[in-house]
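For reference, the structure is listed below as structure tokens.
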Amino acid sequence: MTPTEIDEVTLRRVLDSRGNATVEADVRTTEGFGRASAPSGASTGEYEAVEISAKRAVERGEEAGEALVGTDAANQRAVDETLRDEDGTDDFSRIGANAAVAISMATADSAADALGVRLHRHLGGAFASSTPTPLGNVVGGGEHADDATDIQEFLVAPTGAETFEEAVFTNAAVHAGVKDVLDDRGVTAGKGDEGAWAPSIDDPEALEVVAEAVDRAADVETRIGLDVAASELWDDDAGAYVYGDTTRDTEEQVDYVESLVREGDLIYVEDPLREDDFEAFARLTERLADTDTLVCGDDLFVTNVERIEHGVAQGAANSVLIKPNQVGTVTGAYEAVKTARDAGYETVMSHRSGETEDATIASLSVGFGTGLIKTGTVGGERTAKLNEVIRIQRDMER
Ligand SMILES: O=C(O)[C@@H](CO)OP(=O)(O)O
Ligand SMILES: [Mg+2]
């Protein structure tokens, strides 16, 4: 009997940050215990693994969990293969990507516990030694808030910060700074799903506000990024991206994003084009080749090795967003990171707009060595991840 042999897998419904039901999994091994829960997207990519109702995911996930009893939780690849076999589809639509990712992450957690090592160390080994740069969402709209910006996320990245801790406090200061700038302009704002301010202003003004907040509140060099979430703006009938009264065809969209990047000296632009347009992604990436801007694919790649390989072959984007629940397993997320990295693409570990207090992505980010982590700025379900990376960083310094 090994300390990491799985005894029991239990699932339950718990609340997520939007008040929706999501799935939490507990995995008990001979000498360990692990727990994880599934996040949930609002602007989901068409090619993501499929989330099913939490109730059904609990039932079917528990059945699938029975097949894991007696197997070794430390053998993540074998565990995730068993989950795939039990599911029997290629998109987890039977047991649910939500059940799969919760079980997969809880298994890793239980193995680390049984082995007496931290999760990032269990996953990344002796070379898991760097912390990511946090991308903090400070203004947002799109699918994450009504009557706010068309672009989904206005992000900040403290590229001049020396430590992760300094970086997250910088992001928090900019988030507070945005509120001050909005107050000065007489603009009221609630918060969107990810804790970013959701004012009813247009995208150019939002960029101005964030730039001003950075000037006022950041003590270290801090650059701005965007998640355009362009698939949500695309209108098939119009054959164009629709921003309020303005429409842009694909060529105009490429020009527009290029101008935003150059004028704002942006460090990051995610999903600037719709999820099927690898070709336009490649054109924009080429146009920005003289900059240090990360052109990132989220809905484009959906953490899927085949789609990443397809993009690499065409030169589409130069970085990949990694969302474990888009692929359904820890192994799948690892393979996506590896495929991206082998091609020279940067990687960004990411939360979803619907989250729980689960902090697993913090350990996945450090364990897999992603260059960045996108996980919000404020709010308990966001700070859970940020604070966990701070703890890991402090542990590494000891
Ligand atoms: O588009 C995104 O990158 C995510 C997270 O910010 O949003 P959602 O989880 O709604 O897909
Ligand atoms: Mg996105």
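Glycine too: its Cβ is placed from the backbone N, Cα and C atoms.
Note that the structure is predicted; figures quoted are calculated from it, not measured.
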| Site co-member for (2R)-2-phosphoglycerate according to TrEMBL, given Gln152, Lys323, Arg352, Ser353, out of Lys179, Lys374 | Lys374
| note | Of Asp180, Asp245, Asp298, the one that TrEMBL places in the same substrate site as His144, Glu153, Glu270, Ser350, His351, Arg352, Ser353, Lys374 is Asp298
| said: Need one residue: from Asp227, Asp235, Asp236, Asp342, the one TrEMBL lists with Glu270, Asp298 for Mg(2+). | reply: Asp227
| task | Kindly state the mean pLDDT of the domain 'Enolase C-terminal TIM barrel' (128-398) in the predicted structure. | result | 97
| Lys323 ((2R)-2-phosphoglycerate binding site): which of the recorded positions His144, Glu194, Ser350, Arg352, Lys374 is the nearest Cα neighbour? | Ser350
| query | Do any of the binding-site residues Glu270, Arg352, Ser353, Lys374 touch ligand 2, in the sense that the CB is under 6 Å from one of its atoms? | reply | Glu270
| task | Whole-number Å only: compute the distance from the Cα of Glu270 (substrate binding site) to the Cα of Ser353 ((2R)-2-phosphoglycerate binding site). | result | 15
| Helix, strand or coil at Glu194 (active site, proton donor) [DSSP, three-state] | coil
| task | Starting from the Cβ centroid of Asp227, Glu270, Asp298, which together make up the recorded Mg(2+) site, report each further residue of the same chain whose Cβ lies within 8 Å of that point, ordered by sequence. | result | Gln152, Glu153, Leu226, Val228, Ala229, Val269, Asp271, Cys296, Gly297, Asp299, Leu321, Ser350, Lys374
